[in-house]
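To keep things clear, I will list the structure first and then write my remarks on it.
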Amino acid sequence: MLEKTIYYKMITLKVKNIIKEKLPLKSGDKIIVGVSGGADSIALLHILTELNLDLQLIAIYIDHGLRPDEIPQEISFVKGQAGAVGAEFESISVDVLALKNCDKLSTEDAARRLRYQAFAEARERYGAKYIMVAHNADDQVEEFFIRLLRGSGRRGLSGMPYQNGLLLRPLLSLTKADLLLYLQERGIDHCEDSSNREPCYLRNRIRLDLLPRLEEYNPSLRRTILNTSSILESEEDFLEKSARELFNRSTRINREGKLPKTELDCRSFSGGHQALQRRVIELICWQMDAQPSFTHIENICRLATEGTSAKTLQLGSGLRVKKEISQVVFHYPLGRIATRQGEREIRLERRIDGEGIFAIPELNRQLTISTGEGAGEGRLLVDREKINFPLLLRFHRAGEKFHPLGAPGRKKVSRFLTDKKVHGEDKQLYPVLINGDGNIIAIVGLAIAAQFKKTETSKQLISIGWQETTT
């Protein structure tokens with residue numbers, strides 16, 4: 001092995017300082033290290049070892065199934081490098097093309113998803129504390145342009161952080177040239193990934209075509225971009241903290257049910273700057289497992305700040321945003337399901353053979369059929385002798401009518417629901433319960449049909465309950 005040079009010492013010292021200042025590593029920590037065999041990851045593996053931090057390293061190689069002619073040699077090489085530094089080694093195969101075709105993703109996106117999923121599973125399997133990858137300053141510049149072309153805002157253009165949860169990136173301050181020189185001085189070999197030269201990948205086109213062209217206008221472009229990302233990162237931190245403060249002042253999260261409900265106070269929210277308002281709405285949606293588009297965020301902001309009321313917006317996965325006087329409520333009235341046009345249609349046809357408690361996951365509700373008067377809000381009582389099992393719980397049909405108890409005659413179910421201030425897709429929350437003879441017994445949770453009412457001569461009653469699922 002060659003004599004340690006001054007440049008080698010500079011590189012290792014730089015990484016050591018980054019770890020000390022920005023990363024939470026401690027002696028004895030077990031770390032998953034992503035090692036592809038390329039210069040960056042091989043340098044990372046050796047630098048971590050030579051820093052003598054007493055880390056337990058597990059080198060993980062991901063076979064994406066895209067370069068079958070090169071993979072065996074790479075696996076053998078990485079295994080040898082891991083053994084040379086005393087690290088454990090595992091090769092994991094993933095099927096990128098299957099995910100790409102199934103979810104209509106680009107090859108790059110599918111590979112990234114599967115790669116990080118494999119790292120996360122390996123971390124659990126080995127009981128490791130963190131995952132470490134070899135992203136460097138050149139990757140940071142390329143990522144800036146990838147995100148810029150995709151329309152990212154300040155947060156995205158701030159670049160990749162040194163730490164993102166359990167993911168650590170200790171090489172972000174080093175360039176590709178730094179790492180290649182490190183390997184050269186240490187006499188360490190590395191693999192060349194042939195796919196890095198293929199123009200079909202966006203990152204490659206940026207690295208091989210766009211950046212060289214832009215550097216004709218600004219030879220210091222890469223340093224300029226890194227400086228810009230650093231400025232944006234600092235400003236992003238300030239904005240994020242300010243948005244959190246507005247979020248804490250203006251929202252209340254109710255976790256009593258199976259799915260969370262968030263209430264946004266319009267007055268407190270309206271006092272915030274528009275930039276912070278957008279972030280608060282995005283934060284609410286993410287916390288409720290929804291991915292809002294720019295249009296969603298803008299519409300919700302208008303709903304909260306303008307003087308409109310009783311308006312409802314639909315987001316994907318069943319999330320509903322409703323204006324209620326002085327607040328906006330985010331909730332899942334039908335459960336976490338697709339409700340928008342073009343997504344999976346909700347269907348409901350449930351046979352009820354007798355008494356019991358019946359989960360209706362389609363609506364995040366449960367139906368209870370029991371003998372006696374029962375107890376609980378929203379229970380309806382009907383004459384047992386008039387009930388013919390099996391019953392059927394389903395959505396009402398267009399034009400379907402029944403005779404509500406207390407009404408002078410028959411009425412369309414849809415019109416009855418409208419009269420009860422139940423509108424739009426909220427009507428699905430109140431399906432009809434059909435008797436064995438085909439007649440409507442009740443709109444569950446709201447009303448029974450007059451012909452099934454209890455009378456003085458009723459010998460036994462059936463109680464019909466309809467509650468939101470809370471367990």
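Keep in mind that glycine also has a Cβ here, set from the backbone N, Cα and C atoms.
Feature annotations, courtesy of Swiss-Prot:
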- Ser36, Gly37, Gly38, Ala39, Asp40, Ser41: ATP binding site (BINDING)
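Mapped onto this structure are the features recorded in Swiss-Prot.
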{"residue": "Ser36", "record": "ATP binding site", "Cβ contacts under 8 Å, 6 or more apart": "Tyr61, Ile62, Glu74, Val78, Cys191, Asp193"}
{"residue": "Gly37", "record": "ATP binding site", "Cβ contacts under 8 Å, 6 or more apart": "Tyr61, Glu74, Phe77, Val78, Gln81, His190, Cys191, Asp193"}
{"residue": "Gly38", "record": "ATP binding site", "Cβ contacts under 8 Å, 6 or more apart": "Ala134, His190, Cys191, Glu192, Asp193, Asn196"}
{"residue": "Ala39", "record": "ATP binding site", "Cβ contacts under 8 Å, 6 or more apart": "Lys176, Leu179, Leu180, Leu183, His190"}
{"residue": "Asp40", "record": "ATP binding site", "Cβ contacts under 8 Å, 6 or more apart": "Ala134, His135, Asn136, Asp139, Leu171, Lys176, Leu179"}
{"residue": "Ser41", "record": "ATP binding site", "Cβ contacts under 8 Å, 6 or more apart": "Val33, Gly34, Val35, Val133, Ala134"}
Reduced DSSP assignment, Asp40 (ATP binding site): helix
Cβ-based neighbourhood (8 Å from the centroid) of the ATP site, residues Ser36, Gly37, Gly38, Ala39, Asp40, Ser41 excluded: Val35, Ile42, Ala43, Ala134, His190, Cys191, Asp193
